Amino acid sequence: MTTITIHSSTHEYEVEIGSGLRNQLAERLLKNYQTVLVITDTTVAGHYLNDITKHLSSVENLHTAVVPSGESSKSMEHYRSLLDQCIDAQLDRHSLIIALGGGMIGDLAGFVASTYLRGIDYIQMPTSILAHDSSVGGKVAINHPKGKNLIGSFYNPKQVIYDVETLKSLPEREIRSGYGEVIKHAFLSDESWVKNLLQQSLKDLTSQQLKQDLTKGVRVKASIVEEDEREAGIRKHLNLGHTLAHAIEAELGYGEITHGEAVAIGLLFTLQLSEIKNSAHLPIKDYVNWLEKNKYPTSIMTKLDPEQLLKRMKWDKKTVHQNINFVLLEKTGSPYVIQMGDEELVHELKRMISAR
Ligand SMILES: NC(=O)c1ccc[n+]([C@@H]2O[C@H](COP(=O)([O-])OP(=O)(O)OC[C@H]3O[C@@H](n4cnc5c(N)ncnc54)[C@H](O)[C@@H]3O)[C@@H](O)[C@H]2O)c1
Ligand SMILES: O=C(O)C(=O)C[C@@H](O)[C@H](O)[C@H](O)COP(=O)(O)O
Ligand SMILES: [Zn+2]
């Protein structure tokens, strides 16, 4: 097992990454909680909810709440319904919420935990590759029809228990999605990691390689959020590829494209802009080949209207006074934030679309 300690402004917490951890849950919990609510989605419940409840049989009041799988559950309606369930189950300030699932569940259950009774303990039990990113750093949120994660808070979990055995049941599309954030972490940090990833066909991924990539990704994220928890500065770099990605997700309707697929497309746009703005030497050709080899849905861009995407990007959290800010790369490992003009963005989006 690998343990990474995160130093947050309120407390330290550990990210434990290992195989079979869900079957040691009772021993791993830091406190004896009398009342626990496990929040998960229908797909993850089918695979793992029994394992979790079996290992928590000593908890006096154990409750479960299951929302439909998919990004559309990260909504005001499900948030409200989960609060009702917290109240019905009489969770108090000594109770615990367990977020069992991918990033959708982590964000939704974390937001419930951050607001119920002005905040109660929660732990993240990520079950997707993508959630190596979402389970660390304390950003929790729900979506608004206008934009992603527009309603949320910064609220760190007490623990992250990452049972990598659960990743074995992920479908191909979710492996692809998860690697959208893995390669983002690589571009933010390490040229040789990018090089290795670009040679990788995701269908040939070994468990060992996967665990290595996840652990590296968590370390990159940890080092950034420890320095800038509230996104006043360098945390913005974790948004590499996201300004366009979030616009695509909202424009298509939540769940039509996965978050990680959208990030991978957003990264391509970012690399192209980086080359134009500062003649950065980036492996764009190899990246395009990697996207194609691994079946990222880049052609979806042809269904989208650049002007509409521009409007969506105005809801990005980095936008100030209607000015859109992008994270670009000087080179791999050297991100920076730059304000982009509307006309230039539309022009470059059109160019990207016509190349698809
Ligand atoms: N808070 C953050 O810092 C942060 C970071 C990155 C992404 N996010 C958010 O995370 C979300 C995306 O996360 P995600 O890709 O994990 O999506 P997700 O939670 O919707 O999971 C993707 C799909 O995989 C299924 N699934 C999850 N684990 C499984 C398993 N072990 N076996 C089989 N199926 C499984 C889910 O039921 C779902 O259908 C987005 O809402 C995104 O905005 C947040
Ligand atoms: O942790 C962060 O900071 C990130 O930007 C990580 C992103 O991968 C993640 O998708 C995050 O939820 C985006 O945040 P947002 O504030 O841009 O909605
Ligand atoms: Zn993301």
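Including glycine, each Cβ sits where the backbone N, Cα and C put it.
Predicted, not measured: the structure shown is a model, and the values here were computed from it.
Features reported for this protein in TrEMBL:
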BINDING   Ser69, Gly70, Glu71, Ser72, Ser73, Lys74, Thr127, Ser128, Lys139, Lys148  NAD(+) binding site
BINDING   Glu181, His242, His259  Zn(2+) binding site
DOMAIN    65-176  domain '3-dehydroquinate synthase N-terminal'
DOMAIN    178-319  domain '3-dehydroquinate synthase C-terminal'
Three-state secondary structure, Ser69 (NAD(+) binding site) (per DSSP): coil
Rounded to the nearest Å - Cα separation of Glu71 (NAD(+) binding site) and His242 (Zn(2+) binding site): 16
For Ser73 (NAD(+) binding site), the number of other Cβ atoms found within 10 Å of its own Cβ: 23
Among the NAD(+)-binding set Ser69, Gly70, Glu71, Ser72, Ser73, Lys74, Thr127, Ser128, Lys139, Lys148, as the record gives it, the longest Cα-Cα distance in Å: 21
Number of Cβ atoms other than its own within 10 Å, given for Thr127 (NAD(+) binding site): 29
Where His242 (Zn(2+) binding site) sits in the secondary structure, as DSSP reduces it to three classes: helix
Glu71 (NAD(+) binding site): tally of other CB atoms within 10 A of its CB: 20
When distances run from the Cα of Ser73 (NAD(+) binding site) to each of the binding-site residues Glu181, His242, His259, the nearest one: His259
Conformational class of Thr127 (NAD(+) binding site) under the three-state DSSP mapping: coil
Secondary structure content, the domain '3-dehydroquinate synthase C-terminal' (178-319) (per DSSP, counts of residues): 105 helix, 0 strand, 37 coil
Distance-selected binding-site residues near ligand 1 (C-beta under 6 Å), from Lys139, His242, His259: Lys139, His259
Neighbour count (Cβ, 10 Å) for Ser69 (NAD(+) binding site): 19
Listed binding-site residues adjacent to ligand 2, that is, members of Ser73, Lys139, His242 whose C-beta is under 6 A away: Lys139, His242
Within the predicted model, mean pLDDT of the domain '3-dehydroquinate synthase N-terminal' (65-176): 98
